[in-house]
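These come from TrEMBL:
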BINDING   His40, His66  heme binding site
BINDING   His240, His245, His263, His266, His267, His321, His325, His342, His346  Zn(2+) 1 binding site
BINDING   His345  Zn(2+) 2 binding site
DOMAIN    5-83  domain 'Cytochrome b5 heme-binding'
TRANSMEM  174-194  transmembrane segment
TRANSMEM  219-239  transmembrane segment
TRANSMEM  276-298  transmembrane segment
TRANSMEM  304-324  transmembrane segment
Amino acid sequence: ATAEPRSFSAAEVRARCAEGACLVSCHRRLYDLSGFVRLHPGGEQLLRRRAGTDVSAALDGPPHRHSANARRWLEQYYVGDMEPGEEQVPPGGRGGCGPNRDTVLCPILGQCVGPTVGASNYCLLPQDLVDWQKPLLWQVGYLGEKYDEWVHQPVDRPIRLFHSDVLEFLSKTAWYVVFMVWTPVVLYLSWVSYTSLAQGNTRLFSSFTTEYSIPVHKYYFPFIFLLGMILWSLLEYLIHRFVFHMKPPASNYYLITLHFLLHGQHHKSPFDSSRLVFPPVPASLVIGFFYGVLRLLLPEVLGLSVFVGGLCGYVIYDMMHYYLHYGSPKKGTYLYGLKAYHVKHHFEHQKAGFGISTRFWDYPFQTLIPEETFKKED
């Protein structure tokens, strides 16, 4: 038999919050957000201020109207119900759905459901489509038409991709590994590029004409480096939009599997800290490919200078991406807005907001996430 949900008194909730826990209620349902406060896009202090209160009105905004995915996410932290008569009174009315209060308002559906049975009720997600005790990579291809909806309903749990412990290890990367591996490469190649340009032998268009070729002085290196960073930001946008967010055909097992490996697993578990940055081994293959392209298009030293700027842009992108998921930027800062923007991409606007380190390219490509507006109440 399924156990009845635990009941909490208002005094017990206050006591636990005083000890540092972050418990909030949505009508009669109680949630423990202690493990999520640092990840909250609105900032830790915002949730801390709401500890011990009813957040049902806050979920609808302003300043932010929470998506269905955000409400599903909340359900993962459900710990029980408030005792009858002791639930908080949210702005705008009482918390129950009927005079007998045997039903509750589903945070996802926005309607009364119940009675609550065990740790779940009608408003929760149906039984999952995969076996989380087994590697997911070889399961997702069988989801077919259900894959796209399933992969864009995020969960707060780690993912295992491979049966092999070695492959599983190689698929995970701590954020500082990217910095430690690629920063020395950026510094060394920057020195090589600058000293090579200082020799005065690099000329643009020299393969076509010697009379009108343009000399590239060492003083141009910072601008060439910056050009590489700008080109990376464009490449970041294009890869994210057209490769990572391709919609694989429902009938193609292998393309679904590839999509999940490349990016789908990140959308399914966006706060899996071991898979927020690109592992160095596969990254080196991609980086080597783009270096080869630049060598074909530009003189050797000039191509290297652009390349090292792009490589620096990649390192900054990976560090920022990790911070946008796990950092707590100060409200009003550039990174605070960028974190909220990126979380909206994960939870509500998966077909927009493809810029990560910058929103710039979302403007000309018309994929900017729209600002929310709220009608003023009389």
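Here the Cβ of each residue, glycine as well, is placed from N, Cα and C on the backbone.
Whatever TrEMBL says is automated annotation, not expert-curated.
Known features from TrEMBL, placed on the structure.
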residue: His40; record: heme binding site; Cβ within 10 Å: 17
residue: His66; record: heme binding site; Cβ within 10 Å: 17
residue: His240; record: Zn(2+) 1 binding site; Cβ within 10 Å: 18
residue: His263; record: Zn(2+) 1 binding site; Cβ within 10 Å: 17
residue: His267; record: Zn(2+) 1 binding site; Cβ within 10 Å: 19
residue: His325; record: Zn(2+) 1 binding site; Cβ within 10 Å: 20
residue: His345; record: Zn(2+) 2 binding site; Cβ within 10 Å: 23
residue: His346; record: Zn(2+) 1 binding site; Cβ within 10 Å: 22
Mean per-residue pLDDT computed across the domain 'Cytochrome b5 heme-binding' (5-83): 88
Counts of helix, strand and coil residues, the domain 'Cytochrome b5 heme-binding' (5-83), according to DSSP: 29 helix, 16 strand, 34 coil
Spatially closest candidate among His240, His263, His325, His346, the listed binding-site residues, to His40 (heme binding site) (Cα to Cα): His325
Spatially closest candidate among His240, His263, His267, His325, His346, the listed binding-site residues, to His66 (heme binding site) (Cα to Cα): His346
Integer Å distance between the CA atoms belonging to His345 (Zn(2+) 2 binding site) and His325 (Zn(2+) 1 binding site): 12
Residue numbers, six or more beyond the limits of the transmembrane segment (174-194), whose CB comes under 8 Å of its CB atoms: 218, 221, 224-225, 273-274, 276-278, 280, 283, 301, 304-305, 307-308, 311-312, 314-315, 318-319, 322
Between His345 (Zn(2+) 2 binding site) and His240 (Zn(2+) 1 binding site): CA-CA distance (Å): 12
